[in-house]
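Peer 1: Okay, here's the structure, questions in a sec.
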Amino acid sequence: MYKSPTIFHCFITIIIIISFVLLSGSVSATKYEEDIGIYELNNGHFSVKLTNWGATIVSVFLPDKNGKVEDVILGYDNIDTYKNDSTYFGAIVGRVANRIGGAKFTLNGTSYKLHANEKGNILHGGTPGFSDVVWKVKKYEKDCESPCITFTYHSFDGEQGFPGDLKVMVTYSLLGKYKLRVKMEAKSLNKATPVNLAQHMYWNLGGHNSGDVLSQKIKIFGSHITPTDDELIPTGKIVSVKGTPYDFLKPYTIKSKIGGLPDGYDINYVLDGEKGKKMKVAAVVWDDKSGRSMKLTTDTPGVQFYTGNYVKDVKGKGGCVYEAHAGLCLETQGFPDAVNHRKFPSQIVNPGEIYKHNMLFSFSIEDKKDLGSI
């Protein structure tokens, strides 16, 4: 015999449904947290730790000329801090790295308004950009001659205002002795879209907690820069570095040149050498005290040299507090704001095409003070 439910029974049913929904949400949140991990690539005294939060490099450990192993990039002790980070420590940034003026562009007759996150402009793909999402781990091989890990991310059509679905992949691998390769790819699935990925590590070859990098030497293989306005948006010009504080065609300490700039370096260099997707040297950095040097080669047309000008009172690893110039960035890239400057190399990837971006960091540990031969 059917009996109509009472108000009490209905109330109990509602409570059960609400509890189930809340429990499901809790389980989902827990699963989301469990999907974020720390992974290590190790090759003797050379090791790199990473997380799939932002496809981020968390640490790079290298010995100095006395055999002391130290972490040579800035970062944090836990993942939660990376989630609230505004410095982009060690992360992959995109869909379009650097800045797009006015957070807008026009492509194939269609105007796109992006999600501005810096003075009406968009920086490093907006908020959240690729640095603030969970990437999937596609491959992780740690017990082999060349340990590697591959992260993937699907960027949806309209994410931060960008058109089209984009499948993104980055692979980190250790090659031989003291070599770190970063291989980035992105495939446009259905619409033409700009793509300009960058790896945003802050290097301090003296050790992440050794103070500023101003005494370190740098040589940049770029005889021209793309100057910017007061909001760091390129003017569209390409000018020579000769006779300016930007001239590092020969190795100089950073402090010997930085006095001619109000804040420090934050500029895109036009790399010399053969044009096209050929690997070429972008920069060499040398730390006199530790004996560590780093050579960066890439197949991109530009590299952003940034001296951490806006880092202030940032609590990093082991309680270390980072200040301005605590690290330097060498972000190989296409030219900033290229979508709004026809003379700059195009960053547009059409459906079915694959964007490729390669970097190779080669480290040496020796007591050598002359970079002129490099």
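Using N, Cα and C of the backbone, Cβ positions are placed for all residues, glycine too.
In case it helps, TrEMBL gives these features for our protein:
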ACT_SITE  His200  active site, proton donor
ACT_SITE  Glu331  active site, proton acceptor
BINDING   Asn98, Arg99, His200, Met201, Tyr202, Asp266  beta-D-galactose binding site
SIGNAL    1-29  signal peptide
Peer 1: Take the C-alpha atoms of Asn98 (beta-D-galactose binding site) and Glu331 (active site, proton acceptor) and report the distance between them in angstrom, rounded.
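Peer 2: For Asn98 (beta-D-galactose binding site) versus Glu331 (active site, proton acceptor), the Cα atoms are 9 Å apart.
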Peer 1: Fewest other CB within 10 angstroms, which one of the recorded positions Asp266, Glu331?
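Peer 2: Candidates: the recorded positions Asp266, Glu331. Fewest Cβ atoms within 10 Å: Asp266.
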Peer 1: What whole-number distance in angstrom separates the two most remote CA atoms of the beta-D-galactose-binding residues Asn98, Arg99, His200, Met201, Tyr202, Asp266?
Peer 2: 18
Peer 1: Report, as a single number, how many Cβ atoms besides its own are within 10 Å of the Cβ of Met201 (beta-D-galactose binding site).
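Peer 2: So the Cβ neighbour count for Met201 (beta-D-galactose binding site) comes to 25.
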Peer 1: Whole-number Å only: compute the distance from the Cα of Tyr202 (beta-D-galactose binding site) to the Cα of Glu331 (active site, proton acceptor).
Peer 2: 10
Peer 1: Taking Glu331 (active site, proton acceptor) as the reference, which of Arg99, His200, Met201 (the recorded positions) have a CA within 10 A of its CA?
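Peer 2: Passing the 10 Å Cα cut: His200, Met201.
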Peer 1: Would you kindly give the Cα-Cα distance separating His200 (active site, proton donor) and Arg99 (beta-D-galactose binding site), rounded to the nearest Å?
Peer 2: 14
Peer 1: Name, in the order they occur in the sequence, the residues of the same chain whose CB lies under 8 A from the CB of the residue listed as 'active site, proton donor' and which sit 6 or more residues away.
Peer 2: Tyr88, Phe89, Gly90, Ala91, Ile92, Val93, Ala97, His124, Ser131, Cys329, Glu331
Peer 1: When you tally the Cβ atoms that lie within 10 Å of each candidate's Cβ, which of the binding-site residues (Asn98, Arg99, Tyr202) has the highest tally?
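Peer 2: Result of the Cβ crowding comparison: Asn98.
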